[in-house]
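Let me begin by presenting the structure, written as structure tokens, before commenting on it.
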């Protein structure tokens, strides 16, 4: 087990060695890919979570495998691959993980041992609208956060998050390109999430998002209500996203005060679950993904991969293409997908000073729920409201097929750039995601 002080020392030294990236500071050519944790590298940095807007060029990121409708159960680790081994072949890997997933009683347990930073699993394919359901039991305890979200490479996000000290509340939330707005959060009331399996559902169309629990609508958000007149755009999730399942320590003592308060307080690393099992855990039984299957963009999945043709990162800049998605090695990038091929084929390791797997060499935010670092209130106070699940229908049909802004596909800058300042101050996602792999590798 890695002590917290040791972990932080590793991260501090690593942050000096490798370049950070943002909307204002792109990655250098030698390490061109900006991971979802805000650091530059090659290999896995160029795969899931690579933000093309912050990378050396749009082409630095490897194209994203298109949506595939599928039902997943978790009776074994087949199809679940470590992010240290995944090279972009979604036909061989359904899920990519950091941390320590465990198969138990036909569930995959996302585990978090004492003083660790948890586990995340992300789908290898991307949904561009559609429907996703996950059946699971959350973890429990103050400071312990379970999450089921959709997260795009340009940081569009649709969330379910669960605070372990509030077991009758599911927090629903959404973000456009990582822009924080705590008024977007709404609570859904339900029975004990640790004791009971519930089926959580996100129905996402170009016109609205519906959150359902056990088939009952808990919340609906219409795109028509998200217009930003200043930026001349819809602040609505609209780009291809991976499904992400996670367990993370919102109540880690080193986290910001706002995050700890939102998470219900500091984690008890000597709790009943730690003593009896050796870890906190969330139990996921199944995930069902249904693609949107539009006949014309947005929302198609007729090709092999998605890529962006503009730094705007909106739905009218997404191209459904036949471009390849598989790297030859962890030295490769979107512009040189065969780098390191000879070394990989021979089984040797090519020399490189570049970071190749996000999280192994640095910390950061990025991609698994919101860190709530600007919010000093508790989760029950920070929500803009609550809603009890009610019976009503949800449909993925009848979309207008909207195109962002004025509908152009220009690669020039637009009024969207007025939001850059807000985006720059946001570290999206859980505090753990960027450092899970450090713990995993150091424990080997």
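Backbone N, Cα and C atoms are what each Cβ position is placed from, and that goes for glycine too.
Residues annotated as signal peptide in Swiss-Prot: 1-19.
Swiss-Prot lists 27-34 with the feature disulfide bond. Annotation note: residue 27 (disulfide bond) sits in a coil segment as assigned by DSSP.
Taken from Swiss-Prot, the feature domain 'GH16' covers 57-271, and the record attributes it to sequence analysis.
The active site, nucleophile annotation in Swiss-Prot covers 157. Around residue 157 (active site, nucleophile), taking its Cβ as the centre, 24 other Cβ atoms fall within 10 Å, counting all chains.
Taken from Swiss-Prot, the feature chitin binding site covers 161, 248, 259, and the record attributes it to similarity to another entry. Using a 10 Å Cβ-Cβ cutoff, residue 161 (chitin binding site) registers 27 neighbours. In the three-state DSSP reading, residue 161 (chitin binding site) counts as strand.
Residues annotated as N-linked glycosylation site in Swiss-Prot, with sequence analysis given as evidence: 187 (among others). A strand conformation is recorded for residue 187 (N-linked glycosylation site) in the three-state DSSP classification.
For residue 228 (N-linked glycosylation site), the Cβ neighbour count at a 10 Å cut-off comes to 17, with all displayed protein chains included. Taken from Swiss-Prot, the feature N-linked glycosylation site applies to 228 (among others).
Residues or ranges marked as N-linked glycosylation site by Swiss-Prot: 315 (among others). For residue 315 (N-linked glycosylation site), other Cβ atoms within 10 Å of its Cβ number 24.
Summarising the annotation, Swiss-Prot assigns N-linked glycosylation site to 323 (among others) and lists sequence analysis as the type of evidence. Look at residue 323 (N-linked glycosylation site): DSSP puts it in coil. Of all the Cβ atoms in the protein chains shown, 17 others lie within 10 Å of the Cβ of residue 323 (N-linked glycosylation site).
For residue 336 (N-linked glycosylation site), other Cβ atoms within 10 Å of its Cβ number 16. Look at Swiss-Prot and you will find 336 (among others) tagged as N-linked glycosylation site.
Taken from Swiss-Prot, the feature N-linked glycosylation site covers 371 (among others), and the record attributes it to sequence analysis.
The GPI-anchor amidated serine annotation in Swiss-Prot covers 415 and rests on sequence analysis.
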Taking the Cβ of residue 34 (disulfide bond) as reference, which residues of that chain separated by at least 6 in sequence fall under 8 Å from it?
-> 21, 26, 27, 40, 45, 50, 51, 54, 55, 60
Quick note, residue 187 (N-linked glycosylation site) and residue 161 (chitin binding site): C-alpha atoms separated, nearest Å, by 10
Out of 27, 187, 248, which of the recorded positions is least crowded by other Cβ atoms within 10 Å?
-> 187
Give the distance between the Cα atoms of residue 315 (N-linked glycosylation site) and residue 157 (active site, nucleophile), rounded to the nearest whole Å.
-> 14
